[in-house]
Amino acid sequence: MLEIHQFPCLSDNYGFLLHDPDSAETAAIDTPDGDEYLKQAKAKGWRITQIWNTHWHPDHAGGNEAIVEATGAATVAPREVEKIAAIDRVVGNGDSVSLGAHEARVIDVSGHTNGHIAYHLPDDGIAFVGDSVFALGCGRMFEGEPRQFWNSLERIRSLPGDTTLYCAHEYTQANAKFALHADPDNVELQHYASEVEAKRAEGRPTVPTQLSRELQTNPFLRADDAALRDRWGGVGPAETFAALRAAKDNF
Ligand SMILES: [Zn+2]
């Protein structure tokens, strides 16, 4: 059974260490802050043996060098990470990565950046999605196009509903405000938004989230929903997604 250690990093990132007790391997999922990762691993008594990057942004790969230097960990990443760090193994859509006997499937979730990938561990029912999808939101479209981003979200939508999604930022409260604006009659969303308010008031994380719940409430994953289409798009899901993304950028 894998152990997942989640901790806050930088201002609003989450750090994740994925540990397999059978092989004693530990993967750092992204590296917002190398020193914090090393400190957290040490406190757990784990040695980081791999780094799995989702995309090249410095708050995701900026700690690679410090961790590699301290541990000799092997870096697995999409090619775009070469902009800021060396990579031992470049991966893309359909590739497999292993942590001991546990297998992660690499999924292209580009749109936030052009090379963004997610790591889905089907047998463990978890996925590390970086800045592609957030609880009640999705990443800003810095490099990609609406259709490309929507196709990426379709790949996330097609994972089993009980998949636990580990998103890389605590953005849920702000996302909930926009989601309620985008989809005001969604009762499930209203319940979810109140729960988020309560959790944040107590300083508790809203990450991870369940895919099945996001499918009912996250407007960006619901761009093919008739009510959202009529309100925001009126053509196809990629157009509705584009309209939602643009509205959120200026919300
Ligand atoms: Zn990013």
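Glycine too: its Cβ is placed from the backbone N, Cα and C atoms.
What TrEMBL says about this one:
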| type | residues | note |
| --- | --- | --- |
| DOMAIN | 12-169 | domain 'Metallo-beta-lactamase' |
| BINDING | H55, H57, H112, D131 | Zn(2+) 1 binding site |
| BINDING | D59, H60, D131, H169 | Zn(2+) 2 binding site |
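On the structure: features taken from TrEMBL.
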residue	record	Cβ contacts under 8 Å, 6 or more apart
H55	Zn(2+) 1 binding site	A61, P78, E80, V81, H112, T113, G115, H116, I117, G130, D131
H57	Zn(2+) 1 binding site	T113, D131
D59	Zn(2+) 2 binding site	L10, N13, P32
H60	Zn(2+) 2 binding site	N13, D30, T31, P32, N53, T54, G130, D131, A168
H169	Zn(2+) 2 binding site	D12, N13, Y14, D131, F134, V207
Measure from each Cβ of the binding-site residues H57, D131, H169 to the atoms of ligand 1 and list the residues where some distance is under 6 Å.
H57, D131
Limited to the domain 'Metallo-beta-lactamase' (12-169), I'd like the whole-number average of pLDDT.
98
Secondary structure of H169 (Zn(2+) 2 binding site) (DSSP, helix/strand/coil):
strand
Residues other than H55, H57, H112, D131 within 8 Å, Cβ to Cβ centroid, of the Zn(2+) 1 site?
T54, W56, H60, T113, H116, G130, S132, G139, F142, A168
Between H112, D131, which of the binding-site residues has its C-beta surrounded by the fewest other C-beta atoms within 10 Å?
H112
Other residues, Cβ within 8 Å of D59, H60, D131, H169 Cβ centroid (Zn(2+) 2 site):
N13, D30, P32, T54, H55, H57, G130, G139, A168
